[in-house]
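Novice: Grabbed the feature section from TrEMBL, which reads as follows:
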SIGNAL    1-21  signal peptide
DOMAIN    35-137  domain 'Ig-like'
TRANSMEM  146-171  transmembrane segment
REGION    187-228  region 'Disordered'
COMPBIAS  215-228  compositional bias 'Basic and acidic residues'
Amino acid sequence: MLSVLALTSVVLLGIASQTTAIVVYTSWERHALVGTDVRLSCSFFSWKWTSPDVTFSWHYRSDGARDSIAIFHYTGGVPYVDNKGPFRDRLEFVGNPSRRDGSILIKNVDIADNGTFTCDAKNPPDIAGSPSNVRLLVFENVPVQAGVITGAIIGVVLGLLILIVAIYYLMRFLVAKRVFSLSMSKHGKKGKGKEGSQQKQALAVTDPAKLKAAASEKKKQESRREKK
């Protein structure tokens, strides 16, 4: 009995060492408008290198349905699309398995496509893990809440742009005004200096007493030179 239990434990440990956990990631929710295309992303984390035997599978459960149906499977390097389901002509594989990407594209979505999409991935020997779900919501028009948020974001961006432009032109105006006032101040001082010297010369020419004093001073200087 003990030998059987020991053998069972060894087998279980061997299996556990060969298979490790894999974590699958998808978006939580995707929104789309009627008639548009929507990408449903799926990727995974694994401690092992990407295996050539990596597989992806997608299932779909419409709103109100109890069971899900298989709509896509990737194995052996070949994608297989369900040719009888609701997405037989509208599903395209857009992933890159070598980069651990198993994304699909649903084309021309409609209100009837609302539901839950489930992605599962295996990267042997990493095969133990849980699938991940993404809910698709298709609208005929942009939802009011989304429209309000989008409008608010656009309004804030436009407001910031207007504020930046206004500050830029205000700074340019203040700098130009400062440069102009400094220039006028310098020209004013030069003009006053020239005007004062011209006034002094005019007074000296028109005042006879000053002319007479200047002439006598000149004669004195000449007589001194002659004496020397």
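Even glycines carry a Cβ here, placed using N, Cα and C.
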Novice: Please list the DSSP helix, strand and coil residue counts for the domain 'Ig-like' (35-137).
Specialist: 6 helix, 51 strand, 46 coil
Novice: Suppose you look only at the domain 'Ig-like' (35-137); what would the mean pLDDT be?
Specialist: 95
